[in-house]
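> If you scroll down you'll find the structure; I have some questions about it.
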Amino acid sequence: MQQVCLLTVASLFVTSAQCKTPGLQTRITDRALEYATEVALDILSKQVTGQQIPDQHGQSGDVKFDITGMNVKQFTKPSSRVSLIQNVGLSWSTSGTGLAIHGDFKYKYRKGIIKISDHGSFDLKANGINFQVKIEIGMDGTGRPTMKAVGCSCNVGSADIKFHGGAACIYNLFSGQLENKLKDMVGGGNGLLCKQLNTLIDVNGMKSLQKLPVTVQIAKRFLLDYRFLSKPSFQTKFMETYHRGEVYWNAVPVDAPFAAPPLLKSSDTSRMMYIWLSDYVFNTMSYNALKYNQLQYNVTNKDLPSGVLNTTCPQSTCIGKIIKAIGTKFPNTTVMLYMKSTSMPNMTAQNGSTVVNASGDIVFFAQQPGGKYTYFLTLSATMSTTISLMIENEKVFAKVLKLPISVTVKDSKIPVSSEGLNFIVKGIVSVFVEPKLNELGAAGFPLPVINSVHFTNTQLTVAKDTLLIATDLKYSG
């Protein structure tokens with residue numbers, strides 16, 4: 001993964017027009033690409049330095065020579081530029097690369113009856129090396145990003161060779177041919193540098209992209225889908241992608257029966273990367289959670305402070321004392337609350353605030369001898385939960401700020417007071433529901449970023465139906 005910073009960073013974030021509205025959109029700017037090329041050149045330098053070069057054999061006039069044991073001793077970083085090509089991808093060009101190569105030689109000179117042979121070593125310095133390669137970025141049939149190197153070219157400005165050992169007058173007979181051979185080996189579309197670049201993109205890059213988390217399991221039941229909706233789109237200053245941004249039921253991945261709302265428009269390019277996350281992502285998860293009966297729970301005494309759901313108690317903080325009709329009707333037992341959502345919890349982001357509206361029923365049962373339960377009360381409950389959001393470790397985290405709840409009696413077999421019911425329910429929400437929600441929020445919602453790319457200088461904006469993350473990037477490979 002370390003070999004492909006430019007390529008993975010660039011290919012992670014791409015966009016184009018499509019029929020389906022995205023749940024997630026990303027933008028990677030030219031600032032990020034320039035940063036990525038610097039990292040990529042460091043990686044390329046490590047790859048090229050120490051690289052073995054195939055042996056060469058040749059003849060120049062009366063001299064036959066063999067060049068063996070060649071390897072690159074030094075790689076001088078060039079100046080670099082990356083530009084975006086509309087509907088294609090990236091163009092990466094450099095100028096001023098330098099290489100130092102060391103190797104061994106032996107030669108045989110024969111002219112008439114004169115025979116001379118010798119061996120030694122040499123050092124070659126190649127300067128003014130320029131290369132250019134296009135990187136096509138797209139997607140395959142499964143929605144994963146793809147990349148391919150196209151049209152790599154490389155030329156060597158000059159080469160200077162210095163021999164060690166032997167007769168200088170003989171070297172002059174074949175040094176020019178040897179310099180040209182080595183220049184051809186380094187430069188050209190099939191030379192050393194282009195081969196390394198093609199491997200970097202086509203092999204290492206694609207291998208790294210296979211590790212990109214385009215689908216993520218959540219709680220072993222849900223599947224978060226970040227696959228691309230379309231091929232990349234490239235503008236002068238940035239490139240973008242649209243992603244599905246939908247959460248499915250893992251066993252039955254079917255689209256939700258509603259579309260993602262339009263995302264916030266922005267032309268900002270001052271940061272390296274932008275991520276637009278629609279509230280559609282959360283809402284598709286809550287849709288499937290409701291559909292597959294995940295939003296229901298039996299609350300018993302084990303979930304609450306000691307004895308709150310007892311019907312008989314010496315103190316005044318149990319349900320049987322607070323609502324006397326329960327204690328009278330069902331003495332010396334406990335109550336179980338069956339809590340279930342009756343409609344899909346809906347998240348709405350707007351004007352710096354994020355609110356989740358939910359409604360459901362709270363059904364009361366009294367435990368009877370033998371483990372049976374007797375129904376006696378149903379409450380309708382509505383909640384409007386305000387949450388705060390934060391970005392850390394490339395995840396979105398949430399925390400409950402306010403959790404007001406109101407209840408009304410939907411059905412009752414006993415006389416009850418609304419004051420007592422609200423006291424009990426608010427207590428249960430405070431000590432059970434809110435901690436459970438914060439526990440879920442603390443688990444974090446993963447964003448589509450590879451492990452070696454990290455956020456820095458990050459800003460989160462909450463706008464209509466959109467969480468907009470603006471951040472710079474740091475590569476830690």
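A Cβ is built for glycine as well, from the same backbone N, Cα and C atoms used for every other residue.
Predicted automatically and left uncurated, TrEMBL annotations should be read as such.
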> Disulfide partner of Cys194 per TrEMBL: which of Cys152, Cys313?
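So the cysteine that TrEMBL bonds to Cys194 would be Cys152.
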> For Cys152 (disulfide bond), list the number of other Cβ atoms lying within 10 Å of its Cβ atom.
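Excluding its own Cβ, Cys152 (disulfide bond) sees 21 Cβ atoms within 10 Å.
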> Under 8 Å Cβ-Cβ from Cys194 (disulfide bond), six or more apart in the same chain: what's there?
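Spatial neighbours, sequence-distant, of Cys194 (disulfide bond): Phe131, Val133, Cys152, Ser153, Cys154, Gly188.
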